[in-house]
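What follows is a set of notes on a single structure, which appears directly below.
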């Protein structure tokens, strides 16, 4: 059982989608959560939905002072910080040749630098708590070369590498660091890019479909936060319907 009783978890990008569902599952497992996002109305509403175990704080992940405030708030409200889910991010859909330098820098700043600042800021609090678990949300695009993801893919490869080096550095402090790599999953954000639910829509994926809901990803996140994963660090967990394992026979044969 993924028991998070007595643990406090900060979840970025917590207003909706995967972040909100991870918060729901964490609270159901006994955790107290601080949802952090720039979508203040949605974030506050999600926190209200979750009741007394949840709080909401505004957080721009690229601003170090915002991080310091959120971590201090979590400690003041709940006494400790035991978990961090670095989920906030933005996507892109452009070829390398046509993507602007400005856009590339923006995506990397949010998706990668934001993860770095978050880990850097939370480490002292986790050391004070006697350890903790950091789950960084990367992507299937951080496991393979994927067209039309120049800035996004670069940032998610960076998250994967940053997770591994942090796991090496922080292991003796009893702080575990792992990355989760979702495949195409239906969320409010991905729906805007044309992601469709239903069997058979993605024949190049062994399971033939996208993730139907964020809950299919959130379960892996909560598992890594819990003590049932106490000997798991530096791992990269693909939750992608087998997409990064390899193409299906029908896809290879052009059927």
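Glycine is treated like the rest: Cβ placed from N, Cα and C.
Pulled from Swiss-Prot, these are the features on record:
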- 152: active site, proton acceptor (ACT_SITE)
- 10-34: NAD(+) binding site (BINDING)
- 139: substrate binding site (BINDING)
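Shown here: features listed in Swiss-Prot, placed on the structure.
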residue	record	Cβ neighbours (10 Å)
10	NAD(+) binding site	29
14	NAD(+) binding site	32
18	NAD(+) binding site	28
22	NAD(+) binding site	31
26	NAD(+) binding site	28
30	NAD(+) binding site	15
34	NAD(+) binding site	26
139	substrate binding site	29
152	active site, proton acceptor	24
Distance, the residue listed as 'substrate binding site' to residue 22 (NAD(+) binding site) (CA atoms, angstrom): 16
Whole-number Å value for how far the residue listed as 'substrate binding site' lies from residue 18 (NAD(+) binding site) (Cα to Cα): 12
Cα-nearest neighbour of residue 139 (substrate binding site) within the listed binding-site residues, 14, 30, 34: 14
Rounded Cα-Cα span from the residue listed as 'active site, proton acceptor' to residue 30 (NAD(+) binding site), Å: 33
Residue pair residue 34 (NAD(+) binding site), the residue listed as 'active site, proton acceptor' - Cα distance, angstrom, rounded: 26
The residue listed as 'active site, proton acceptor': secondary structure state under DSSP, collapsed to three categories: helix
Cα proximity to residue 152 (active site, proton acceptor), best match among binding-site residues 10, 14, 26: 14
DSSP three-state assignment for residue 14 (NAD(+) binding site): coil
